[in-house]
């Protein structure tokens, strides 16, 4: 795609620094090179250059890099100027370059958008650039790089390829739809439905793992009232985020706090104490607590160490029974260990393993942090990539359409209905990589990028 306008923007952060970099991309870049450098540098070589203003006044000197189309990040002619890190020099250079006809400042994310529109990267890879820049943990950096290198795109493209092959097999027989459907075709359709379902399930699984890195592992702090749940949230997050009192039922709504534990991104969720109550407001809080518990990746179940051991076991067993079908990782925590002056270690009560802590004094908290990291690292898999909410929504749309198509086929054996569903599935999946997309979606995605990307 040829853009009439050429764009320019600083690649480096604003402010004083040792080096600042300007990037220029577009059809006028050769003219920019001739006017600012005096000539076009040798392609893909670092060239020492003087950066010229009007009337050949030297504004700065440094390194120029020339990437002729299509062998550049954007797929267009690209010039990069690496000069001294003075904001004033950068401003003078930008003013000089934008004075050239059809050259303007780039919008946020416009270089990446042009790379996408010119087929250099797909939409997943474009989003991965933004995710990589905004990564706050080592695991999310690795996952963003996997996406940038095309691992995520490969999963989606394999799924699309299966859908296209399926469509090809059945659409060729639509012209003969008034005839009895061939037994071999029926058999093929069932085989393809099974194959497609298996690939959907596999893709949904890896996307679910990828969303944990993007949004953080959801760790819900649950337990009876006054067990010290809010104190634990404060201790883990090094903050006074939650209100702590001796009055049972102080926490009545969900409280979220995003933290990083040794490079593991986590979202802590403090919940209302679980008990039977007639208080309507507290009951709503408890209902919300159960809702978020059932969607958790990990539950820290906190009970008061001063409670009788038989009662501790009863409370834990009741909780396990309530969420047994959800297959959620549970860590049992005995809080207020400082009040009984016991050792801060792990202990077994019958078959359950407990970690002893004092959220008030901070004792045992480091041991709990190490435990959370150990579980997270055991769950982490190489090759996981970042999955955005947009990706998850599109996969769910495609999978739900598939389930409907499968059901309709079993009931009606209508090839035309099946073909239409496969067409929709193909479109839903294509929107993930950008094969089918709208200008509004592109604007929303790329406007969140920083200028220069």
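Backbone N, Cα and C atoms are what each Cβ position is placed from, and that goes for glycine too.
According to Swiss-Prot:
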BINDING   23, 80, 120, 453  (6S)-5-formyl-5,6,7,8-tetrahydrofolate binding site
DOMAIN    216-377  domain 'TrmE-type G'
BINDING   226, 245, 247, 250  K(+) binding site
BINDING   230, 251  Mg(2+) binding site
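Figure note: comparing Cβ neighbours within 10 Å for the binding-site residues 23, 120, 453, the maximum is reached by 23. Our reading of the (6S)-5-formyl-5,6,7,8-tetrahydrofolate binding annotation (23, 80, 120, 453) yields a largest Cα to Cα distance of 18 angstrom. Of the binding-site residues 226, 230, 230 has the largest number of other Cβ atoms within 10 Å of its own Cβ. Taking all protein chains in view, 19 other C-beta atoms sit within 10 angstroms of the C-beta of residue 80 ((6S)-5-formyl-5,6,7,8-tetrahydrofolate binding site). Under the three-state DSSP scheme, residue 226 (K(+) binding site) falls in the coil class. Note: the CA-CA distance between residue 453 ((6S)-5-formyl-5,6,7,8-tetrahydrofolate binding site) and residue 230 (Mg(2+) binding site) rounds to 41 Å. Each residue contributes its Cα atom, and for residue 120 ((6S)-5-formyl-5,6,7,8-tetrahydrofolate binding site) and residue 230 (Mg(2+) binding site) those atoms are 49 Å apart. Separation of the C-alpha atoms of residue 230 (Mg(2+) binding site) and residue 23 ((6S)-5-formyl-5,6,7,8-tetrahydrofolate binding site): 49 Å, rounded to the nearest whole number. Taken together, the residues of the domain 'TrmE-type G' (216-377) have an average pLDDT of 84. DSSP assigns residue 120 ((6S)-5-formyl-5,6,7,8-tetrahydrofolate binding site) to coil in the three-state reduction, outside any helix or strand. In the three-state DSSP classification, residue 453 ((6S)-5-formyl-5,6,7,8-tetrahydrofolate binding site) falls within coil.
Across the structure, residue 23 ((6S)-5-formyl-5,6,7,8-tetrahydrofolate binding site) and residue 226 (K(+) binding site) place their CA atoms 58 angstrom apart. Rounded to a whole number, the distance between the Cα atoms of residue 80 ((6S)-5-formyl-5,6,7,8-tetrahydrofolate binding site) and residue 226 (K(+) binding site) is 60 Å.
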